[in-house]
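These notes are about the structure you will find just below.
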Amino acid sequence: MQSGVWLVCGLTAIAYLIRLIPGFTLFSPLILAILLGIFIQNTIGVAPKHQAGIHFAMRRILRFAVILLGVQLSLSQVLSVGITGLLIIIATLLSTFWLTCWVGQHLGVSPSLTRLIAAGTSICGASAVIATSTTTESGDEDITYAIAIVTLFGTISMLLYPLLSGQLNLTPEAFGLWCGVSIHEVAQVLAAAFQVDSVSGEIASISKLSRVLWLVPMMLMLGAISKAPQSKSRIAIPWFVVYFMLLILLNSLNLIPQQIKTMTGQVNQLLLTISMAAMGLETRLNQIQKIGLRPLYLGALSWLFISISSYGLIQILY
């Protein structure tokens, strides 16, 4: 198992080094690591002796990383958005998730991949895809495809939104809320919002983190849906979700020092990157090619819906 763990750690180190190169700073280490893993798997291949360590990184390390996400979240973040902002977040999130699942069913996209795209678009991009995949037991190809889709359209939003800010008649506060409600990744939200105004960036941060808190009910719901067809017995809550919720509670009670939260955030990013390197090493492009372009169309429609609907609600209610 050790050789596989060393392999994914080596790819993780390379991903962090690549990010230091000018022009690559916009890319998350998670994305670079999974791309490196995919390249290795589909060119020279991976020896069988590495499989145990790769599987350990994809399952155990990934779930521990999901737990640590709870340190960055608190219930006070929800309250600071305000009632109107919270209503916009909830309405946009639920409608986007439902529409994506409905359209995915009619497009013939697999339920597993559809749910990953829906979670990634409506909540928090690759992190939501990764977190929900641990409760739905999704295939590696589905996870990789979903991450690619939400990363693509989140990046488009990150580049496009600041260009549209002057044309859409939005105050700095409203623009920040729009970014936080509709852009996929936390990093993409901050990059887009702070380009326009510091106030926009602060509002975007708060609204985005409030949206991320919906990971908890989403993981529980998707876990229940995925297990329902196989068993009529009572559905158990995944153990790592319990610890995830416990850390959110501790952070909400201000029991976690700021230094610990900062350090945990860095460790969490590292562990997620290790998991993504492992996932890339398990991804075979010939399997993704069999899936086709329909999930890409689904991701595009979901992205357009969350962008337009959230903008409309902000114009009406905010």
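In case you wondered, yes, glycine gets a Cβ from its N, Cα and C as well.
Summarising the annotation, TrEMBL assigns transmembrane segment to 20-40 (among others). Counting same-chain residues at least six beyond the ends of the transmembrane segment (20-40), those with a Cβ under 8 angstroms from any Cβ of the stretch are 8, 11-12, 14, 46, 126, 144, 147, 151, 155, 185, 187, 191, 269, 272-274, 276-283, 285.
Packing against the transmembrane segment (61-79) from elsewhere in the chain are residues 86, 127, 130-131, 134, 206, 209-210, 212-213, 215, 240, 243-249, 251-252, 256, 260-261, 264-265, 267-268, 271-272, 274-275, 278: each is 6 or more residues past its ends and has a CB under 8 Å from a CB in it. According to TrEMBL, the transmembrane segment annotation covers 61-79 (among others).
Tertiary proximity for the transmembrane segment (85-104) is limited to same-chain residues at least six positions away from its ends with a CB under 8 Å from its CB atoms, namely 78, 111, 113-115, 117-119, 121-123, 177, 180-182, 207, 210-211, 214, 218, 295, 298, 301-302, 305-306, 309-310, 313-314, 317-318. Taken from TrEMBL, the feature transmembrane segment applies to 85-104 (among others).
Residues of the same chain lying 6 or more positions beyond the ends of the transmembrane segment (113-131) and with a Cβ under 8 Å from any Cβ of it are 28, 30-31, 62, 65-66, 69, 92-94, 96-97, 100-101, 104-105, 138, 142-143, 145-147, 149-151, 153-154, 184-186, 188, 208, 211-212, 214-215, 218-219, 222, 225, 272, 275-276, 291, 295, 298-299, 302-303, 306. Per TrEMBL, transmembrane segment is recorded for 113-131 (among others).
The transmembrane segment annotation in TrEMBL covers 143-163 (among others).
Feature annotation from TrEMBL assigns transmembrane segment to 206-225 (among others).
Beyond the ends of the transmembrane segment (237-256), by six or more residues, the same chain brings 63-64, 66-76, 134-135, 213, 215-216, 219-220, 223 to within a C-beta distance below 8 angstroms of the stretch. Annotated transmembrane segment per TrEMBL: 237-256 (among others), in sequence order.
Annotation comment: TrEMBL describes 297-317 (among others) as transmembrane segment.
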### Summary
For the transmembrane segment (143-163), the distant same-chain contacts (Cβ-Cβ under 8 Å, at least six residues beyond its ends) come to 26, 28, 30-31, 34, 38, 113, 116-117, 120-121, 125-126, 128-130, 133, 175, 178-179, 182-185, 188-189, 191-192, 195-196, 276, 279-280, 283, 288, 291, 295-296, 298-300, 302-303, 307
